[in-house]
Structure formats: structure tokens, C-alpha cells
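The following features are taken from TrEMBL:
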REGION    1-43  region 'Disordered'
COMPBIAS  22-38  compositional bias 'Pro residues'
DOMAIN    56-90  domain 'ChsH2 rubredoxin-like zinc ribbon'
DOMAIN    93-168  domain 'ChsH2 C-terminal OB-fold'
Amino acid sequence: MKGTTDNAPEPRPTPDPRPVPEPRPAPDPQPSGAPQPPDEAALLLPVPDDDGAPFWEYAARGELRVQGCAACGELRFPPRPCCPHCQSFDDRWQRMSGRGRIWSYVLPHPPLLPAYAAQAPYNVVVVELADAPRIRLVGNLVAAPDAALDSVDPARIRIGAPVKVAFHEQAPGVTVPRWLLERP
């Protein structure tokens, strides 16, 4: 039977160019069901660039500062080399009161990264600064500066709730802002 393709070999599939992910190791079982304390060294740490380095340096001193334009006075976050309003390259770092309100939040179920499993569910909040309402910072609402990420009952978190900043040394030389309820 000329012209038929019944016996023709199947075309080979094109290989997938994407790399094959490494299999993830199974999580270690927790002894007697007790939660393991988090290894803070395994949590995500900021990676400051040249523009954002002053933010982290001030945080290490317990100060919340945001970058502003030295020419027009407009505050901006995240930090960047040029003012988006007047295109000036001159900046200054203005100290904030450290007060704000919860603009949004999420409770990750389950955690997105294995290092956060012991604290799940925990919160991630977006805080609108009181003295710069167009500036919003992402962080965690905690019961005390050094408390676990799951230290605040999720039922107590409300959009618009007043908060104040606290600083926590998450790793040697790395201090991150966290948030406390103004009226616990």
C-alpha cells in the first residue's frame, strides 16, 4: 500500500528546553508533634543594593527612614537613583514617625518556603505610613519585636488597624522592620 503512513515511525517529540528541577527532600518529621522553633538564618533576608542600602543601615540603628528627593521633596519607596517626579538625582533620607495602618494583609496557608513551616500560618502585612500615605511597606505583624511570625492571632488583624514599627535583628548585621498593633 503505497502512500499510507500506517507503518511510518512516529515523529520524535521535541525535547523540553527547561531544566528538570531537583527533587525536594522530604521534611523531617517533628518529634512528638511538637513544632520546631524556626531557624531564623533560613528565613529570607534582604539583599540591599546601592540605592536601598541606607534604608537597611538606618533600620540597624532602629530608625525608619524613606528616601526623598532633595530637589522637590517628594518621598519615594522603593529607593531608586532618580526622582520619578522631577528627575533629580539628589536625595535625602527622611525619618518617619514609625506609625501607620494596615493597608492589606495575607495569611499564607501552607507556607511558601520550608523555613517558614513551623510558624504557619503567619501574617504578611502591607503598612501605609502615617506621615507618607503613598508609601507602603511589607512586613509582619508581631506581638513583640523578637516574637515569632505567628505570635498575633489572625482574628485580631484588621484592615486600617493602627500599627507602629519595631526592629528585629534577624541575622547578624541584618535588622528588619516589623509591626506591632498600637492598641494590643
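The backbone N, Cα and C atoms fix where each Cβ goes, and this holds for glycine too.
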Summarise the domain 'ChsH2 C-terminal OB-fold' (93-168) by DSSP state, stating how many residues are helix, strand and coil.
9 helix, 33 strand, 34 coil
Within the domain 'ChsH2 rubredoxin-like zinc ribbon' (56-90), what mean pLDDT does the predicted structure show?
98
